[in-house]
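Noted in TrEMBL for the protein shown:
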DOMAIN    B:9-244  domain 'PABS'
BINDING   B:Q38, B:E113, B:P169  S-methyl-5'-thioadenosine binding site
BINDING   B:H69, B:D93, B:D162, B:C163, B:A164, B:D165  spermidine binding site
ACT_SITE  B:D162  active site, proton acceptor
Number of protein chains: 2
Amino acid sequence: MRKAVIRVELWYTDQHTKNVRFSMKVEQQIASCESEFQRIDILKTSEFGKVLVLDGELMITQKDEFIYHEMITHVPMAVHPHVRDVLVIGAGDGGTIRELCKYDTIEHIDMVEIDKKVTDMCLEHFWETSCRLDDPRVHMHFEESLRYVRMMKDEYDLIIVDCADPYGPAEGLFTREFYGTCYKALREDGILINQHESPYYSEHSRSVQKAHKQIKIVFPYSTVYQCHIPSYPSGHWLFGFASKKYDPIADLREDEWNRLGINTRYYNTDLHKGSFYLPTYVKQLLDM
Amino acid sequence: MRKAVIRVELWYTDQHTKNVRFSMKVEQQIASCESEFQRIDILKTSEFGKVLVLDGELMITQKDEFIYHEMITHVPMAVHPHVRDVLVIGAGDGGTIRELCKYDTIEHIDMVEIDKKVTDMCLEHFWETSCRLDDPRVHMHFEESLRYVRMMKDEYDLIIVDCADPYGPAEGLFTREFYGTCYKALREDGILINQHESPYYSEHSRSVQKAHKQIKIVFPYSTVYQCHIPSYPSGHWLFGFASKKYDPIADLREDEWNRLGINTRYYNTDLHKGSFYLPTYVKQLLDM
């Protein structure tokens, strides 16, 4: 008699709110570990390819990380006319670094990630994002970022806060003190970009509202732009654009950026402009 | 001894692809029935309020139907300078009609819905969308829409195809013959809007691609615009804008529309422009 073949069906669920669940079929648990700060898992899924999960929450997927990383990088890079020194906070997976390394004019990138284990895991299992971490311009610092930034003054043209959600290890990165520290670390025409969560579910929209309010107090120019990231809660994702001098639309160097011939799959300079035109309910939420 | 209180936990799952599930907690099954065409359910959920489900698939939710219905209606209404006669195909829930009824200049609305039971259920249980179906300008026809449109010539300024997904009862509404029939039913400066699915998951993106290709053959102007609808697969939703004469951006009557003082929560005339600036991967998919 032939034995029946039994296949285990695995599903990973990201809890978008306590009443909404987003589940993806898993083919294989690639790697898992417990760091000093959090539980780290890399799974292979049928629809999204590899996914990185921290403390049970979805961070990036192979299928749509390009949207997040292109939008957090190319929007400021197409506005600021001479970015030489960049600070990236968080970003342990390397995706933001990969996009920054497409610009030959960038001379120095400091990456400050609190959890070295995340980077080690991505270097081993998520080379799609970590592939440029060996660029000689990249300097990795595995330490607490608030302390790191406090020591800096007039150091950077661009700071990108590519950190996890505003609770857990990244909690201190969503306070007014932190934004003031970033302001000081930026040169006189510097730009600060930070990931801002989603405006849709009330548990996230409150943190968007709070972060935007505090950045607005610190920076002369402060606005928000949006994109579609299907694997994130609600799929409607916001980034904050705060700047000492440049306006993200009036100062967009459209022709100049297009002449660089940088290959992107989501970002283009028309979409750049469109991403700052927000729905009415989001403008009301942010008091814009 | 006190009895333990046991609460049943109900979850409704919309299968986004065969490998992705979107689940929402259900408080109550409000109404269910089987029509000649499909199974119809209205559920009360904790996060999305009431939701309408046809044959197990999510159609609209009380929390975000305003995004879908505003974007399918106000985009063409802010472009065409004198819409008097409108044909709406599908739209049995009444949401599109509710938005159209905000325009005093519209004189006549024909709504052609194949399944009267959907409208009856929404009139009884989903008054948030069905509230304007009693407007004297609205004429409801419960019949097969392809046959209905075939009889029309130079009849409408605007046709909105607000039908379900391109399989099941609405299947015939995604063919070239159907778009040609709509072309004939429109006046010489008419506009056709149709819901176009999502570009993200391959099972949907193929139908977007096919529909866009066929509309482009029939209409001189044909493009696509996007919005964020969190409860729909991927949250990234597209609409087709096809027109005999008007360009959706060059012919946008911005000041005129704003003077109307129409109350919206998603749509505004800046966002109108932004919604036509598509991500690079979507432009490539649609050969734009």
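Keep in mind that glycine also has a Cβ here, set from the backbone N, Cα and C atoms.
On the structure: features taken from TrEMBL.
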residue : record                                 : DSSP (3 states)
B:Q38   : S-methyl-5'-thioadenosine binding site : coil
B:H69   : spermidine binding site                : helix
B:D93   : spermidine binding site                : coil
B:E113  : S-methyl-5'-thioadenosine binding site : coil
B:D162  : spermidine binding site                : strand
Enter the number of other CB atoms within 10 angstroms of the CB of B:E113 (S-methyl-5'-thioadenosine binding site).
-> 22
Rounded inter-Cα distance in Å - B:D162 (spermidine binding site), B:E113 (S-methyl-5'-thioadenosine binding site) | 10
Please give the average pLDDT for the domain 'PABS' (B:9-244) in this predicted model.
-> 94
For B:D93 (spermidine binding site), nearby residues of its own chain (Cβ under 8 Å, 6 or more apart in sequence) | B:L52, B:M59, B:I60, B:E65, B:V118, B:T119, B:C122, B:F126, B:T129, B:S130
Select one residue from B:H69, B:D162: among these binding-site residues, choose the one with the most other Cβ atoms within 10 Å of its Cβ.
-> B:H69
